[in-house]
Amino acid sequence: MPVEASMMAADRPETPSAADDWSLKATGSEPGFLTPPTARRLQSLSGHEESFQVDSFNRAAHRNTTAGKLTQLFKTKMLSRTSMSSGASPASSSKSPGGSSGGGAAAPASADDLLQWSNEPVPTSLLRLAPEHAARAVKMFVGILRYCGDAPGSEQISQAQAIETAQKLLHQGLKRPELRDELYMQLVKQTRGNPSPSSRSKAWGLFNLVAASMPPSKDFTGLISEYVHSALQDMEEGEEAKEAAAATWAALKRSTKCGPRRTLPSVEEIVAHLSGVKLTTIVFFLDETFEEVAYDITTSVAEAVEQLAGLIRLQNFQTFTLYEAVRPVNPKLNPEPLPDEHLLLDEHRYVADIVAELRHPRVVREGCQSRLLFKKRMFRETDESVSEPQFINLSYVQAQHDYLAGNYPVVREDAAQMAALQLHAEHGPGLDLDPEAFMAGIERFVTRQVLMTRPREEWRADVGSRYKALAQHTKEDARTQFMRILRTLPYGNATFFAVRRIEDPIGLLPPRLILGINKRGVHFFRPVPKEYLHSAELRDIMQFGSSSQAVFFKMRVAGVLHIFQFETRQGEDICMALQTHINDIMMKRYSKVKAATEAHPTGDAAQQQAAGSQSVCGGVMGGNAAYNNKMEEHLKEQQAQLEQAQQALAAAQQAESQIRCDNDALQGELADLRELMAGEAASRVALQDSLDESERQLGELRNELDMTKSALTAATALASEHSGRAEVEHARLAELEGLLEAKHKELEEAQARCAAASRAAEAAAAERDLLERKVARLEKGKESELKELKESYESAALEMRSQLKARGERLGELMEAAAHNAAQLEEMRHEVEEVRAEAAELEELRELKKDIERKEKQQAAIIENQAKRLEELDRLYREEVVARKRAHNALQDAKGKIRVYCRVRPMLEFEAAKSQTPAVSMPNELTVSHFWRDEKRPREYDFDAVFSPQHTQEDVFEDTKHLVRSALDGYNVCVFAYGQTGSGKTFTIYGNEACPGLTPRGVREMFAQIDKDAGKASYSVRVQMLELYQDTLMDLLLPDAVRRNATGAGAGRHSNEPQLPKLDIKKDPKGLVTVVGATDLSVTSEQQLLTAIEQGLARRHTSSTAMNRESSRSHLIISCMIEGVNMQSQAVTRGKLSFVDLAGSERVKKSGSTGECLKEAQAINKSLSALGDVISALAAEQPHIPYRNHKLTMLMSDSLGGNAKTLMFVNVAPTDANLDESQNSLVYATRVRTIKNNALRDEANKDVLRLRKQVDFWKEQAGLLSAEAKTAADLSDIADRRCDSPAAASTGTAADADAAVPGSGVSSTAGSRPSTAAGRTMAAAAVLQAAAAAAAAPAIGGEESPDSRSSCEGSETL
């Protein structure tokens, strides 16, 4: 037992306490603990003595010593120093160090003693810290003890608790840099001299985690590096500890280079790091493809870029990097998506930090869609010399992305050529065979701003001819030509940055703009619409710089220096891109001058060099030749230093690889030497035994020789007595001497044999080891082979048993089947006899049937002739009825009657399963009939057209598409569907993907007509999509971001957050219903309009009821406002095309609506009841029309009794279970058919527009309305009266105004002057309304009346 252990054993009581636990572990008396490894002296620790709190620890140790309780941290160390300083024996030093018999006072502890393993909490921090940080350091050490399982009396913690403890330690180190070095010192303490292998392994794992998350400070980097490196080279450390030390060394180097983590590592990251598993994240490319990249806590952006380049096999990846692509939420009511913002990521940032920031709840709450993007940092001049296919492909994708984003404004000819090149590069030849795909490709590869400059057919012809000319080219050629065209642009291959203007001394630039930087200079663009403004060449830029929030340029404009400042967070990236292009051009010029100098050594190279530098960088360098020469010399020196550094780095890397190889070789030789030493030790033992035996024999021979000499002496003494025996004794002596010489020779031979035996033993030992290894491998292979054979035998036996069992069962089944077949055979014999008897009876019946059939044929011929005559008469009658109804319908249409179509849907599967029968019939194409209760004759209803279940969606649209032309001509057109729930209204209006309804077909027809008239007129289309849900009007085209922001801020009415726009139902002077505040979306193609409609339909309220699986729970109105300008006459037409899908009426008993569905059903029935009241009042031609009773009737006021061409679809279900609802719908539609509208065309010529401008001017002069409220003033509320013309609408508005202001003082006598301001205002309004009526009269009647001229003169007089 060592001295320290014996002293502690003498001082220890009989029962060992927890305080003596370390001594037991250190001596190896407890399983699982070994003798602690020797703690080497840290050389760098001498320079950090002042940083440790050694005095505080010594005072704490002294207090514990005087109290009779030595801490385990100092017990062994102090006892050993006491015994060494006093020179006493172990027995004397075993007494209590606090007693009088002690050999001397304990020596104070040093900083090296503090960094020794301990399983007790520390009284204070190891380093000198503030009191509040010292308290946290004590808690940190307790956490390390819990993590490693060293805390006395504590149980083993679970993995989740260990991860939580590690995360808390990392949080303290990352949040408070003062505690970072303290954490490192505590980990050095717990890994230095730790006797427990499991505890030491956990401590090293925690050390590795901390080193991967944060580096130590510069003061302690050398100390930590020395300790980790010494542990890595220590031969006494175990292999597991060495592996952990190697991982810690690598993590320490990476964290020192990249700095600490910005975010706290998550539990997932910690678990993955401790288990050696890497996480993965997705990195996108500009063509929306992606790759998975593996990362851990210490993976940086530069390493991720290199890894990603390896995955996609990209060798020239130096100009590529990672960006954060952010798609911000548009704060305004603009449905157009904003372009993505690409933020350059620092190469030294950790990928884990970036992923954590992307997943942060703040980013998700703000609605930002962020992701990692891999693309080029910039286009450099050296890119043209790279021929790598992957490099060219990625460069093409990025150039194409920038072009389609509108970053490169081009003319129509270039746009057509570039579209043809992109189509060829994407699809190759042959795409023009599919017209729809070819047109879709044109719309994709031509920017929107350029696409609207001419009709689609012209684009198809132009791009098609250019596309066919590229048939012989490959896709790579098309990509190369596309990039060549972009390079020829002044701003081609530029890197773009979005900035805001701070200072513009000459007022050239807008508040928001985009900077493009390439090898030619800096280019300025207007963002929306993308428009090229100005360029500044590199020679014009004299100076530039940046800060964290701005960037400035000092450049020459028209020969005068000006300073421009812009606000941006990418100022450093802008300056780096600009400086990179300047350096590339300077290096290129320098290479040319150097080559010219080498080619003409006698020429005036200095002048050529100065002139070349001044021509390229004259603006940037000031035009000074001497300065250029100095700069070029400086570049030469920098280039030489760079080459030297690269050579030194290559040599260092080669030396490092050589050292690693030598180290591996030395490790192998060391292992072999250890094996040889073990074999030599065994041979040495055997030879030692042989040598001992030889020495024993030699000793026996020597004893025998001594005995012989003594006998010889005795024989000489008795020579006189035994003279006769002397010769015999001499002979005996000679014999013994010969024998002695022989024994000496045998001894030498034995020693030689011993040496040979030792050599043979060494060879035999080596051979034996080889044979044992070979035998072990053979036995292992034999065991595995036997195991495989045994397993295969057992599986084969098991399979054979199962097959035998199955065959036995099959045999039993076959026997049972044979018995069953025998019984069936007997039964079949009896059945055959019965069949024979029945066959004889059947022959008799056949003869009787032939007689009956002859009689029936005679009667059938007579009946058939009569039926044909009746059918002919009935056909003639029906044709006459249909012709009469058609003539009557044409007459009613000419009078303005609302057209009503009836459509009967097919029966559904569940209706047939419930045994429901058809109850509605169609006698002809204009009539629907059904039987009603006990009536003998069916009820008939006449409509303008009737569509049976056999009619397709195209048949229905064929009778409707003429209304689309009317809307383009300037008419107000409305198509709406009415019927009970589940009768097929939504299918008629919208349909599905396989069978599109009236809306998608009408949209296609509208844009087809627009493209057809592209050479005659120019059209613009706007769309609104509204939903009336439970008496609440909702905007379905409102962007989701605005809706979420307004919904989240709706709790506080007085909040500054944005609210949902208020929707007001008004009428314009032409009598058209307008919803103020609704989203007005401009569209340019049918696909864009259909996409907007699909997005709105996705937001519509639907639910499932007992009568309809997808029941619409609201009314839906889609309005397309079409404005056309005739290119010859400049006449302006404004039309409106509306599709209304009314919610179906339902009975609660049948639909089974409850809860929210019940409220929806009540609201639907209430709105349809109000619509019925309006229809009844219009049918009865009452003066009061209750439009204002409900929002639905207000929205449809211009379609029912207004100035619209209206078409109503009444949808009915054919089954008897729905007959009540079908009868109500048919009666309802019959009433609507009696309503007449006054359809007017909204068209204005140049004179009308001029008069309107004069009216607006006089309104402003009269002070009635401001210019901003001019639009709102033209709108009026919905009135409860029939409004058939704009003049009537104006009259009704004026009457309402007069009624709303009683006693205003307006005199009805002509020429009287109003006495009040309100009166003057009303008088001016009356005059202006007269002027407006005069302005509208020529547009309607075609001529200008005298009254209109006098009204205009009166307005001018006013």
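Just so it is clear, glycine is given a Cβ too, placed from its N, Cα and C backbone atoms.
Annotated range for region 'Disordered' in TrEMBL, selecting from 1-49, 148-196: 1-49.
Per TrEMBL, the listed range annotated as region 'Disordered' is 1335-1358 (candidates: 327-350, 687-710, 1335-1358). Of the given residue ranges 841-877, 952-988, 1285-1321, TrEMBL assigns the label region 'Disordered' to 1285-1321. Listed in sequence order, the residues of the same chain lying 6 or more apart from Ser983 (ATP binding site) and placing their CB within less than 8 Å of its CB are Arg905, Gly1144, Asn1211, Val1212, Ala1213, Asn1218, Glu1221, Ser1222, Ser1225.
Neighbour density for Thr981 (ATP binding site): within 10 A of its CB lie 25 other CB atoms from the protein chains shown. Within the same chain, the residues at least 6 positions away from Gln980 (ATP binding site) whose Cβ sits under 8 Å from its Cβ are Gly1144, Ser1145, Glu1146, Val1212, Ala1213, Asn1218, Glu1221, Ser1222, Asn1224, Ser1225, listed in sequence order. When averaged over the domain 'FERM' (279-590), pLDDT in the model lands at 85. Note: Gly984 (ATP binding site) has non-local neighbours Arg903, Arg905, Asn1211, Ala1213, i.e. same-chain residues 6+ apart with C-beta under 8 A of its own C-beta. In sequence order, Lys985, Gly1144, Ser1145, Phe1209, Val1210, Asn1211, Val1212, Ala1213, Ser1225 make up the list of same-chain residues 6 or more apart from Gly979 (ATP binding site) whose Cβ falls under 8 Å from its Cβ.
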